[in-house]
Structures are given as structure tokens and as C-alpha cells.
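Taken from TrEMBL as is:
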- 1-108: domain 'VPS28 N-terminal' (DOMAIN)
- 120-215: domain 'VPS28 C-terminal' (DOMAIN)
Amino acid sequence: MSGAGHAAAPPVRLWSSKAEREHYENSADLFAIIKSAEKLEKAFQRDAVTTAEYEAACSKLIAQFKTVRSALGKSVADVESFMATYNMHCPYARQRLLVSGMPATIEHSVRAASQADNAQAAKAAAECTQFFITAMDALKMNMVAVDTVHPLLTDVVGSLNRLRLKGSFEGLEKIKQWAATLNRRSAADELSEEEVRQLLFELETAYNAFHTMLGAG
């Protein structure tokens, strides 16, 4: 007798088109990025990685996350639902990727002790001034896409934190809030005229307060 009755079943394909294949691959990438971010955050909390190593790796993961989320588009409009679907309990990754959008070292002013000398403080003040000006100029020139504005705000937040200003600085908290708001939006989104006007006002207010604090120091 022939073995025809035991012919192997045809392989099962997960996709039927190039678009479906890209969707599955991007979904797999998103899963991996979220898991990696969770592990990195825990490693940083346990001092298993240096500040420099953490910041470089985290910045890369955030950039990859934004790229993959943009590629997935409407097919994965809600990343939190995606995480729930795949039973991903990753609270630290959620905070870093979906809420903050910047490394903890930038958000919370964590830095190496060697950066605390006067020369570095003077350099940080100069950088902060430049970052403020760059962000305000971009808005004035109508460069208002989320993927343009968010990195500029992250630069301002990071430079302000590196200065370790005495006391609380309301301007810093407002800029953090803007960065977090933009982080939840699509990279291709653009700020409305009203949003641009408000953000520019708050940047200018923070910039003036920043220079007042420097003068008082």
C-alpha cells in the first residue's frame, strides 16, 4: 500500500500577505522592546548597570518603541491593550515608554558624581540656554510635529536637571508635563496653533525664571 493516506499536512502560515507579515514582525518587536525596557529599568534600580549604560540603552529603546508604534499605526492603537492581551505585567516599561518618554536619569536628575563640579555646572547652564532657545525657535518656525518637539523638550528637561537648581522649579514640571503629553501622541501628529502658543509661553516663562535663578545663585 502506498503512504498517500499519511501525507504531511501543508505548513501553517501566520500571514497571507506582506502587510500581515510586517504586522506580525512589528508586533513581535514591540513585545521584545517592552520586555527589554522592563528588564533595563529593574537592572538600573538594582545598580546592575551604570548611569551611562542605562541612559544609552534606554534612549535607544524609547526611539525603537516610537518607530515600531508608528509602523504599527492603527492596528495597535492602544499599547496598553496590547500589553493586556499578551499578559505583559511591565509597570516600569509602561512608565518609561508610555508615560515619561525619557530615561529616568533625565527625568529625575540622576548623574555621576564627577559631573558635579563648577566647570560642568557652567557648561550645563550654557547647554540649557541653547536648548531653550532651540525649542522656542522651532515653535516660532512652525516646526510643530510631535517627533520634532518632544526631543527638544527632553533636552531642556535633561539640561535643567543636570544643573540641580536649588529648590523647586515650576517651569521644569510644566515642561515635563508637556513632554509626557506629547509622548502619548503619534509621532506624525502636529501641535495646534493654541498648543504652540501655550507651549511657547510656558517655555519663555521657564527660560526667564531659569535666568533669574542663575542670577540669584
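Backbone N, Cα and C atoms are what each Cβ position is placed from, and that goes for glycine too.
According to DSSP, the domain 'VPS28 N-terminal' (1-108) comprises 78 helix, 0 strand, 30 coil. Residue counts for the domain 'VPS28 C-terminal' (120-215) under DSSP, helix first, then strand, then coil, are 76 helix, 2 strand, 18 coil.
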